[in-house]
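> Please see the structure below; I have some questions.
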Amino acid sequence: MGIGHNPRLCLVPLILGLLCGGVGMTPLPEAGPQSPCSLEGVEIKGGSFRLLKAGQVLEYLCPSGFYPYPTQIRTCRSTGSWSTLQTQDRKIVKRAECKAIRCPRPQDFENGEYWPRAAYYNLSDEISFRCYDGYTLRGSANRTCQGNGRWDGETAICDDGATYCPNPGIPLGTRKVGSQYRLEDRVTYYCNRGLTLRGSEQRTCLEGGSWSGTEPSCQDSFMYDTPAEVAEAFLSSLTETIEGVDAEDGHSPGEQQKRKIVLDPSGSMNIYLVLDGSDSVGAHNFTGAKNCLRDFIEKVASYGVKPKYGLVTYATEPKVLIRVSDPKSSEADWVTDQLNQINYADHKLKAGTNTKRALLEVYNMMSREVNQFKETWNRTRHVIIIMTDGLHNMGGDPVTVIHDIRYLLDIGRNRKNPREDYLDIYVFGVGPLVNQENINALASKKDKEKHVFKLQGMENLEDVFVQMLDESRTLGLCGMVWEHKDGTAYHKQPWQAKISVTRPSKGHESCMGAIVSEYFVLTAAHCFTVDDEKHSIKVSLGGQRKEWEVKEILFHPKYDLNAKKAKGIPEFYDYDVALVRLKEKLKYETTIRPICLPCTEGSIQALRLPRSTTCQQQMQELLPAKDIEALFVSESKKTLTRKAVYIKNGDKKASCERDALRAPGYEKVKDVSEVVTPRFLCTGGVDPYADPNTCKGDSGGPLIIHKRSRFIQVGVISWGVVDVCKRPQQVPGYARDFHINLYQVLPWLKEKLQNEDLGFL
């Protein structure tokens, strides 16, 4: 019926890909067993402790759902004793203990009522809100106490709509002074003793009916932002900034444009990365933050966004690694190379913390831009991303530089045109040493946005960037995946399709395919026969139970399995490609996305090649004359697995192709070119490495090159020399697989997919 194990009709996917590789779980490096301070009597009831920073710092650890009271951190003093156990309101405590995490109770609720009323609320407790007659509820009517000591949902507000500005509400745990909401009226928020206010202490009713600043919250020392909360808030805020840049060029930021943002190469957005390398941060956190910034840059670039970058690391003194004026500051690869070269040890000899000097370097970069581009500087949007613990012990208050930056950029000076959209300062605080008050003072404060975040450890920062840079706005980009540790096989191979054919005499037979557009799946022609009825063909996608119906099968016109039977060649797989047109248009989601096709605008963007790149130049980039790392996706035990292979396209190509003559049915073929035409790519064998081989149900699946965090299909799995999956322990060295080279069938693909908005070159 087929050559080797074919046809394979059996069952066989600012601001980041897999981020922060190598970032461990410990906030700071653990010290040895010795400490200058005695460990006698430092135990915590219900928990444990560990030493950090060569025994100079002691961190208390508690089980999930509990927090260290009265403090998480103690420092070893020069007197040889540990810092006193005292609460944030300076109450002395004799012994540390792990207390249950609770959520703050409402201090007040205007124009309505809530229940149940309690002195405190435990994890998973719920609270409900109701408004009096004449008032309408905004926000969440029901809220649940979460594991980080915060309530889910949004602040519940009862408003009658009769005031110039809407009632700004009283976030749970805060107190508000001021109940008049006329133009220029102000409200002030307070926290109870021992809690830190994050957000805006004072808010003013502005023209247009909005409030200045951002909604406040009262934070206890044990409270952290979850990765999901940070990702959603940061992405939402940063996306608005980027879309604003797009709108400056006269484009409406529609859904499609949100997915394909291309910034003005002259620099309509500048991103400044500021990384704290001081002694209080520690080598582990510094390296982890550096890795996250590296992958942030990589991921942003994979979306086709090209801002200009500035990079500053600092301790006692700042080091400017990249200036936005550098010729290559918008080239992600070069920026990443510069970032990779920095080390925590660069600041070892002067390990103080001078945040003000670091921000002055950012100010100086902005000032040069203002002076150099006098005509256009006021259309440039600036994003500052600061990674720090918020501690500073020299140089003065860094907030003064923030004020200078705002003045330089003419932000907040004109009430009718405050230009707040042109500056966003995000501060990420990581680990147990974070000073919440200081990081809040540095960050931007905007209505309905969050710019300051405190995370529990580096692994949480990793989660933030994974979630933050892979949201619904990018679903239309080809070759994108969600590589997060919690992702399913179809999150990681979202293009993968399973095609099932029901034949009355043979039952069910299956192939693989790849989503290439909203209507089409690319697969192998030999997966079908001329007698197959459309209603007997079903397509499964995204690991879902739903089956998509087929409208038609489009074969390559030169495909003919029986073309060389007269020459004694039973099956001939040249031009073994087909397109499956679906009846229903696909709605892209995280488990259903297209793969990139060669010589399209999508693959040019994915590879970050110049727009002037030709199809031939792209082919030389992806398929040079050498062994090429590639992969295919195989199904085993109902799960998808990537298999790494090498395309033999150099000096091993001829020997790879010659092994085709060892396939059953080809024994009498003298000239390998009779069965292996220029349309084929060859993988398999044991040189330079033992490649895995495809199995029966893998036919029609994509042969893929993974480059620059994107996945580009270069081939379609067609046939193999040996069915190795019948005897996986006895794989001969001549086991080879052959794939249709998509570059060789591009005219046909371009013709059939011309209405799919793929932008063929």
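For all residues, glycine too, the Cβ spot is worked out from N, Cα and C.
Worth saying up front: this structure is predicted, and the values here are computed from it rather than measured.
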> Pick out which of C103, C165, C191 Swiss-Prot lists as the disulfide partner of C145.
C103
> Which candidate from T204, T214, T353 does Swiss-Prot annotate alongside S278, S280 at the Mg(2+) binding site?
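The record-listed residue among the candidates is T353.
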> Pick out which of C682, C725 Swiss-Prot lists as the disulfide partner of C695.
C725
> Which candidate, C37, C98, C131, does Swiss-Prot give as the disulfide partner of C76?
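Swiss-Prot annotates a disulfide bond between C76 and C37.
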> State the mean pLDDT for the domain 'Sushi 3' (163-220).
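93, rounded to a whole number.
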> What three-state class does DSSP give H526 (active site, charge relay system)?
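SS state of H526 (active site, charge relay system) = helix.
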> Could you check which of the recorded positions (C98, N122, C145, C191, C478) sits closest to H526 (active site, charge relay system), going Cα to Cα?
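Spatially nearest to H526 (active site, charge relay system) by Cα position is C478.
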> Nearest to C695 (disulfide bond) by Cα distance: which of the recorded positions C62, N142, N378, C511 is it?
C511
> Roughly how many angstrom lie between the C-alpha atoms of C62 (disulfide bond) and C725 (disulfide bond)?
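On Cα coordinates alone, these residues lie 50 Å apart.
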> Between C656 (disulfide bond) and C103 (disulfide bond), how far is it from one CA atom to the other, in Å?
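Answer for this pair: 65 Å between alpha carbons.
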> What does DSSP call C615 (disulfide bond) in the simple three-state scheme?
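DSSP call for C615 (disulfide bond): helix.
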> When the Cα of C131 (disulfide bond) is compared with the Cα of each of the recorded positions C37, N122, C165, C191, C725, which one is closest?
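Nearest candidate: C165.
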> Using C-alpha positions only, work out which of the disulfide-bonded residues C76, C191, C527 is nearest to C103 (disulfide bond).
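So, spelling it out, the nearest of the disulfide-bonded residues is C191.
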